[in-house]
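Enquirer: The following block contains the structure, expressed as structure tokens.
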């Protein structure tokens with residue numbers, strides 16, 4: 001009756017299939033099952049076009065990549081009659097009603113399908129049942145990096161694709177066009193890396209619970225640009241080491257100038273090392289940049305120790321000279337710094353000190369020491385040995401300024417040799 005026909009039109013629970021669904025006969029098949037269920041594995045071809053590598057993170061040991069992922073397979077249930085043999089193209093609304101491969105990214109941390117302005121999904125069906133399924137995806141995945149040669153390193157990363165549910169008995173995943181299945185945008189570039197190569201490979205992955213799975217690999221090698229780290233770390237370290245050598249040309253009696261210069265260079269090197277470590281993961285092995293910075297820090301530290309030795313020997317030499325003059329005159333006029341070195345007290349002005357008692361006490365202590373530990377008769381060999389030691393010590397004391405002169409040659413020479421060895425080993 002007319003009333004029944006009208007009620008059927010008003011029934012919202014019954015929705016007529018779309019024209020495309022009628023043409024593909026979607027309602028006639030169970031697409032929860034893969035094509036050819038129960039038979040041989042269905043081959044699914046893959047090709048990838050890399051749009052960009054967005055970032056490489058050393059701290060998180062991962063990379064972010066945007067790519068076009070395309071799947072190719074044949075599902076005879078989707079075949080249709082076409083007089084002109086033309087394919088039909090659909091958007092993402094049809095994907096939920098048919099079977100599609102369940103490819104996922106192994107070791108991925110985050111991934112999403114772009115959805116601006118609509119979901120970036122395309123489905124193209126041919127009359128014979130061949131299907132092209134394309135997605136635009138951004139994925140962040142792990143990259144196991146080795147920083148032993150950082151920042152002179154080359155990192156090899158890979159993005160791995162695999163079916164989640166179907167093992168090799170149900171689905172055969174392969175590169176559609178062999179080595180040409182992987183293509184890249186010509187304008188891909190990174191701020192800190194140079195992309196050396198892109199390559200595609202395949203293999204098998206075994207899981208003890210579910211068996212063997214086909215796995216595809218997108219491999220790429222990244223060589224780090226060194227110029228940034230030369231400006232940021234190496235060049236400042238070189239300058240600090242060379243600045244510490246300025247101390248060798250400053251008079252050894254200028255204590256405040258040489259000490260302040262040494263402390264400043266040491267603290268600056270510590271700051272450079274801390275800055276480099278803060279931007280890197282806390283690995284348990286030594287990196288190439290650590291070797292360079294620690295050796296540079298050692299050179300700066302040794303320049304401070306060098307002045308400590310020079311200052312100590314200078315003080316001993318001046319004491320001996322004052323001791324000799326004190327024996328002759330009994331009194332000696334000295335400045336406040338020298339006086340404080342002798343009696344440990346601060347003096348505002350120059351003072352006259354009586355060094356006779358000091359020299360007598362020294363001689364008395366030497367006599368007692370000789371009587372207590374020395375042998376009654378010294379052999380000629382022992383005398384020559386003592387004489388040699390005394391001459392060497394006397395030469396060092398009287399010519400302690402020569403230490404600075406030798407340091408001006410030794411420190412730069414050794415540092416240049418170290419740089420040649422370092423860059424030759426790691427480059």
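Keep in mind that glycine also has a Cβ here, set from the backbone N, Cα and C atoms.
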Enquirer: Quick check on the annotations: TrEMBL lists transmembrane segment for one of 261-280, 321-340, 341-360. Which range is it?
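Expert: That would be 261-280, per the transmembrane segment entry in TrEMBL.
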Enquirer: Choose the correct range: of 226-249, 370-393, which one does TrEMBL annotate as transmembrane segment? Give that range.
Expert: 226-249
Enquirer: Using TrEMBL as the reference, determine which range in 200-222, 292-314 is annotated transmembrane segment.
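Expert: TrEMBL lists transmembrane segment for residues 292-314.
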Enquirer: Who are the chain neighbours of the transmembrane segment (226-249) in space, where the CB to CB distance is under 8 Å and they lie at least 6 residues beyond its ends?
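Expert: Same-chain residues near the transmembrane segment (226-249) but 6 or more away: 151-152, 192, 258, 261-262, 265, 268-269, 272, 275-276, 289, 292-293, 296, 299-300, 303-304, 306-307, 404-405, 407-408, 411-412, 415.
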Enquirer: In the domain 'Neurotransmitter-gated ion-channel transmembrane' (234-323), how many residues does DSSP call helix, how many strand, and how many coil?
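Expert: With helix first, then strand, then coil, the domain 'Neurotransmitter-gated ion-channel transmembrane' (234-323) has 76 helix, 0 strand, 14 coil.
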